[in-house]
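> To start, I am sharing the structure in question, which I have written as structure tokens.
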Amino acid sequence: QICFLLFAVLYIVSYFIITRYKRKADEQEDEDAIVNRISLFLSTFTLAVSAGAVLLLPFSIISNEILLSFPQNYYIQWLNGSLIHGLWNLASLFSNLCLFVLMPFAFFFLESEGFAGLKKGIRARILETLVMLILLALLILGIVWVASALIDNDAASMESLYDLWEFYLPYLYSCISLMGCLLLLLCTPVGLSRMFTVMGQLLVKPTILEDLDEQMYIITLEEEAIQRKLNGVSSTVEYQTVELERELEKVKSKKTNLERRKKASAWERNLVYPAVMILLLTETSISVLLVALNILYLLVDETAMPKGSGGPGIGNASLSTFGFVGAALEIILIFYLMVSSVVGFYSLRFFENFTPRKDDTTMTKIIGNCVSILVLSSALPVMSRTLGITRFDLLGDFGRFNWLGNFYIVLSYNLLFAIVTTLCLVRKFTSAVREELLKAIGLDKLNLSNNPRDSETKPSANGHQKTL
């Protein structure tokens, strides 16, 4: 009952999130509408499982501290080790189900039209989807057989592939989790450095040596000039109209930001922004410091490995050196890493067009986003344990990954995370100084800077470049 209630809350929240981004034009009452609705329900289920996988580790950590603080309390008797073990097993089972069955079914069902010669309808589309799923399963099975023959050409390993439930699916999910951890290794450092820019866009920056009234006057004149050009351009010149409309939208966006900064109170400008920036810098520094300490532990202590020990169990000992305060810090860092990984994922150039837009996201893109978030969220507990953010030993199928016992993989993962995160932060905080140095020595004209604003130039009538 407790698991059902928790999942029902996550499902409702996920449904509202997806419907906020789903394209409204897909809501016709026909066969495609039924297919879209089924795909919507499957995507909502997958997003709810992803949220459960993210909340699983913090819930387990806080539950362990509560059981230690109130061991005989009547009102928390429902919170026990069997419940937490069951949640981990259910999260692993549903992650496998969504990743290998539900999401491929939703995608193929959305793209299916029915085999030629059969009567069109929902049954024909379901038949085509099932055939595609069987072919996909055979393809994945063949790839795993070939990989097993190349890596470990042993009779025992080949026979173990016959055990579909106990070996094949956990082994396949272990490979997917390793790919998710590698994706997190790529996204999280980028997201940690990108978080400062994102929060800077959401918050109001302090007005130091700035005249907002003058900027408002200039931006208003620019808006009026573009509006006059737009009114004077003939409708037959379509490309000029589109270009002027884009410039007008940018100017209106800048004007809105200036109006917001002007209306903000002095406390919001001068206190909230520096406090949030200091908080982000502190959390990032603590994360890098914990990874550096974990590297030292890995070199001197075998039990620091993610698969080093079975752990004392739920409610028997604190997982943190500093007790409840340390557990709260671990939970904050886990959520911070997850948010940073999502921000970094959508900041990568390869996934820029993958970003969902409000009321304008197709079901195919929603399915792709749900799969991506599921892979990231399923790998988050593994990454947190591998990096030493928490000492909580993984339970259920999350702890059956063979690569977690490989010392060289775990050590290399920690080293790469620390190095890449440090480089991203150094590049983030030194980019402004580097640009000023290039301008001072006259090398800014060579376009050595990676700042996209430096490349926004427009040719004038006499052929010279004018910087916007």
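Backbone N, Cα and C define each Cβ position, glycine as well.
Got these off TrEMBL a minute ago, pasting:
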- 6-22: transmembrane segment (TRANSMEM)
- 34-62: transmembrane segment (TRANSMEM)
- 82-110: transmembrane segment (TRANSMEM)
- 130-151: transmembrane segment (TRANSMEM)
- 171-192: transmembrane segment (TRANSMEM)
- 271-299: transmembrane segment (TRANSMEM)
- 319-346: transmembrane segment (TRANSMEM)
- 366-383: transmembrane segment (TRANSMEM)
- 403-426: transmembrane segment (TRANSMEM)
> State the residues, same chain only, that lie 6 or more residues beyond the ends of the transmembrane segment (271-299) and have a CB under 8 A from a CB inside it; answer 'none' if no residue qualifies.
192, 195-196, 199-200, 203-206, 305, 329, 332-333, 336-337, 387-389, 407, 410-411, 414-415, 417-418, 421-422, 425
> Under 8 Å, at least three CB pairs between the transmembrane segment (34-62) and the transmembrane segment (171-192) (pairs 6 or more apart)?
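Counting Cβ pairs under 8 Å, fewer than 3, so no.
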> Below 8 angstroms Cβ to Cβ, which residues of this chain, lying six or more residues outside the transmembrane segment (319-346), approach it?
54, 57-58, 61-62, 64-65, 69, 183-184, 186-192, 194-195, 198, 283, 286-287, 290, 352, 354-355, 372-373, 376-377, 380, 383-384, 389-392
